[in-house]
Every structure is written in structure tokens, then in C-alpha cells.
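Below is one structure; the comments refer to it alone.
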Amino acid sequence: ITCLVMYLFAEFDDAANLLAANPDATTISIDEPVEIPKNQHSHLQEPGREEDDELLGTDDSDKTELLAGQKKSAPFWTFEYYQTFFDVDTYQVLDRIKGSVFPVPGKNFVRLYIRSNPDLYGPFWICATLVFTIAVSGNLSNFFIHLGKPTYHYVPEFRKVSIAATTIYAYAWLVPLALWGFLMWRNSKVMNIVSYSFLEIVCVYGYSLFVYIPTAILWIIPQKVVRWVLMVFSLCLSGSVLVMTFWPAVRDDNRRVAVATVATILLLHALLAVGCLAYFFDAPELEIPAPIIPAPIIPAHNGTTVITKSH
């Protein structure tokens, strides 16, 4: 014991001499806990949660999203608040379009492309382009189908633009709103349900519609079989993006509720595709007969009127 006490006093004398020589020196207390490196802490996590962290995000991603939300501190009635929703560059938009056209199995679209910076720029212009593409392609398809018929008189239908705009934008906003409300409601009942933000859901739905733009152009081909094959192909691509995005969020819920949710998402998506194809391209058009030119009236020399018949 005497030796231990003498050793401790010697250590204290050395520390006192060090502080006297260098007052700015840093001392370490043996009572301070040793911090575990961040990469070492990640290996201590349960192996079963790695897939969930990959699909749904970790606490770090939630903190990043919270910090990103704190940056949007401008009031909602100001222009600066909405400007943040369009703060994306061309490379980000193209990358998200590629992700929606070529979905990777087992990868979450929100986790990979949207969560860092959800935007409304891409969804808005994708929907606008799709509206005019469907309206113009529908008119051209109707023209090519009836081309060469003597009883058909072509009249451009501008009302198709307004109908397409109402349908596309209602789907791209109302369906995400209903889905967001449903996920929030289920999140209050089941702890493991992941509730995406409304902006993220709108972003996913907007980018998932991009594949229908080239498909609508190809729908001009006057072959019903080709049109329906293209529709099914596009529906499988865009529908897979929605399934791989929302299934990890609801899979921990009741099995029937989770399956019914995903089935409803696919059903509404299929109704949009089938409805656009059936109404704008395959709807029977009324053939407007050519106008009848009245027979000319030729007055006779004796005061009578002669009506000639035109054949």
C-alpha cells in the first residue's frame, strides 16, 4: 500500500510539473467513458434490421431529413417556401427518371432518390408533358384510323386536353393525399408502419408516370393488340416502382391490410392506364358526314325557276 501511495503521489507531481510547464496541456480522466466508434457501433446492430435500414432508412437518415426540414423555415405564404420544392438540377431529375423507368428489385425509390431532396419540379412537368402527349397522340390516332374514308371529316378535339389534365393531375395529387392519410392513420395504430411525407409520395407518383409519355406516343400505331401490349408493359414498370416503394412501409401491418393496400395502389394505377387508352385512343368516334351542297337555282327566261339536281 505504501508503494502504491508513493506511486500515485509521483504521478501527481509529474502532472503538476507538466501543467506548470505547459498550462494549455490537455489531461484525460480515467473516469471519462470511452466513445465507441460509429462504424463499430453499426456492427452491433441486429442483422435482421439491416434490410429495413436499407429499405426504410436509419436514424441518421431521419436526422438528415429533420435537418433538411429545418432549413425550410420560411412561412408557407412566401415564395421562398415553395422555391425549395423546385431546388433540383437536371442530373437529379434525370437520375430519378432513370430510377422510375428501370426499377431495381429490392431497392426503395424514396430511400435511393427522393429522401435527400424531394421535389415537385419533376412531377409537375412530367404530368404536363403527359397531358399534352395523350391529347395530341389521341387526335393523331383518330386521324390515322379514319384516314381515307370519304364520309369522315376530321375535327381536332381540344377538349381532350382539359380532360387529360383533369385526370392526370387529380390522380397525381388526390391518390397520394389519400395514401398519405392512410399511412398516418395506420402509423398511429401499428408502431412499425413507416409513414412517408406527402411530398415524398407525390414525388414517387409523379416520376412513376414518366414511362407513359413514350408509351402514349407509340399508342398512335393503329393496332389494338400493339397498344394493349405496350400498356401492360408500361403498367408493369411503373407499378413495380410503387410496389417496391410502399410494400416495405406496410409489410409489418396486418397481412390482409398490407396486401389490400398494395392491391388498391395497383388497381388505381391500372385504372388510369386502361382509362386513358380506352377513352383517348380506342373510343368509337362518330363519323361526321361531309356537308351537303344545295343544288343551284337557275332562273329561266320565261320567269319560271329551274332547280337542277346534283348527283
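Counting starts with 1 at the first residue shown.
Quick reminder: no glycine exception, Cβ is built from N, Cα and C everywhere.
Bear in mind that the values here come from a model prediction, so they are computed numbers and not experimental data.
The following features are taken from TrEMBL:
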REGION    36-59  region 'Disordered'
COMPBIAS  49-59  compositional bias 'Acidic residues'
DOMAIN    101-273  domain 'Yip1'
TRANSMEM  120-141  transmembrane segment
TRANSMEM  161-185  transmembrane segment
TRANSMEM  197-222  transmembrane segment
TRANSMEM  228-250  transmembrane segment
TRANSMEM  257-281  transmembrane segment
Tertiary contacts of the transmembrane segment (120-141), as residues 6+ beyond its ends and Cβ separation under 8 Å: 85-86, 88, 93, 96-97, 156-157, 160-161, 164-165, 168-169, 172, 199, 202-203, 205-207, 209-210, 212-213, 216-217, 219-220, 222, 276, 280-281
For the transmembrane segment (161-185), sequence-distant contacts whose Cβ falls under 8 Å of one of its Cβ atoms, 6 or more beyond its ends: 123, 127, 130-132, 134-135, 193-198, 201-202, 204-206, 209, 246, 249-250, 261, 265, 268, 272, 275-276, 279-280
Local confidence of the prediction over the domain 'Yip1' (101-273), expressed as mean pLDDT: 89
